[in-house]
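See below for the structure under consideration.
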């Protein structure tokens, strides 16, 4: 090789060796995070869709809701997974993920949507509000997402993920309350997937048991993935009714996991892995039920408040009517006291007249 070529190669290698550390991939392998330089506010720089249209999550409130009688109950096919199989539970560096079998799918949507995985979003022990969607401004403790792809049109989730309505996600809102034995079938294994990249095989169970009561009541809208690349490809179904988990179960979720690998010198707790509410724009949210509006700060429906107000006005009218009736009756009785009294003017006796 000519000397000039060797010299050029040496310069090139030296230049590569002197590249700044920031050009290397992060040690934990993450291309994005929820906070810091690669946090949610910077996602759009690497993933343009994150700053684009139809982004999720959103706040579900009365001004955007429209009742849609065509929204029928979903059919959950293959959700009761055979006991002779196993689920794979893994820490993917962003959440805890449960991989789902390909014979699990949804019916009742425009196409058949096959399940691929489920995962959760949550807050932290000091601020235990970590749901992504909110309802009337109310944020819940956590949120479960069951992810499906349009298997009628696409061969796999990778192909479907950036297509219009290529994905369908079921969202379950989770609040603190009673112990939930169904969710514990996931939570009891969290200690085995403490760090990114760890996984464990766990017994199968009926995924439908993770859904809330009255699953026929839900919100439906077109939105996006809530994590990069944020493709606006999701047909969202957010169930109206939340499920509960206990304080102990919520604490386990908030403290058991790390974003980082076991050998990372700067471990980071997996907390606050939720995206803030996004601009709603001109979209509509369709509801499969007739919405009962709740007046903020009261916990009472608008209908109940209007009924109470109407009853109060009616009560005042009745009181006024009774008062007027008594007043008129009293006035009439005074006039009646003078009846039968004959007024005779004084007549001077004739004897007095001729005195």
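Using N, Cα and C of the backbone, Cβ positions are placed for all residues, glycine too.
According to Swiss-Prot, the signal peptide annotation covers 1-24, on the basis of sequence analysis.
The topological domain 'Extracellular' annotation in Swiss-Prot covers 25-303. On the 0 to 100 pLDDT scale, the topological domain 'Extracellular' (25-303) averages 94 in this prediction.
The annotation domain 'Alpha-carbonic anhydrase' is assigned in Swiss-Prot to 30-289.
Neighbour count (other Cβ atoms within 10 Å of the Cβ, all protein chains): 18 for residue 94 (active site, proton donor/acceptor). According to Swiss-Prot, the feature active site, proton donor/acceptor maps to 94.
Applying an 8 A CB threshold to same-chain residues 6+ apart, the list for residue 145 (Zn(2+) binding site) reads 118, 119, 120, 121, 169, 170, 171, 172, 226. What Swiss-Prot lists as Zn(2+) binding site is 119, 121, 145.
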